[in-house]
Amino acid sequence: MSSRAAPRLLRLQRHLGPQEGSSMEPTDSPLTTHVLDTASGLPATGLCLRLSWLEDHSQQWMELRTSYTDPDGRCPGLLMPDQMKAGTYKLTFDTEGYWRKRGQESFYPYVEVVFTITSNAQKFHVPLLLSPWSYTTYRGS
């Protein structure tokens, strides 16, 4: 294997997930996200994101956590198992800041993904595929 291919292979293996019997998420969070920069084909490293929860009575968003994606584009430990409760949550991704750091103009200043958690016994994965001109998200596994 060439010296140029080896780092790409390691990055791809990390992206695809842990080997059987190992854990990618050190905190075993019930809520995870993964951001991929589809323009470069690499994980979106250092992207700022905020997790918020919609309070039932006031219908106001309460920020729970601000974090940044790691070198693999993941954000482990967004929500601890004892913090998980049914309700409406929002992940806000600072896409403008991410693209600006790369000297790239972009169309969307931020991306908000609003989703509902109905059972605190399940795990939820919210991936974001991102380019300067588009984005896609889905409920992952």
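Glycine is treated like the rest: Cβ placed from N, Cα and C.
Residues near Y138 (substrate binding site) in space but far in sequence (CB under 8 A, at least 6 apart, same chain), listed by position: P127. As annotated by TrEMBL, substrate binding site applies to H34, R74, Y138.
Positions annotated as domain 'Transthyretin/hydroxyisourate hydrolase' by TrEMBL: 26-140. Mean pLDDT, taken over the domain 'Transthyretin/hydroxyisourate hydrolase' (26-140), works out to 93 on the 0 to 100 scale.
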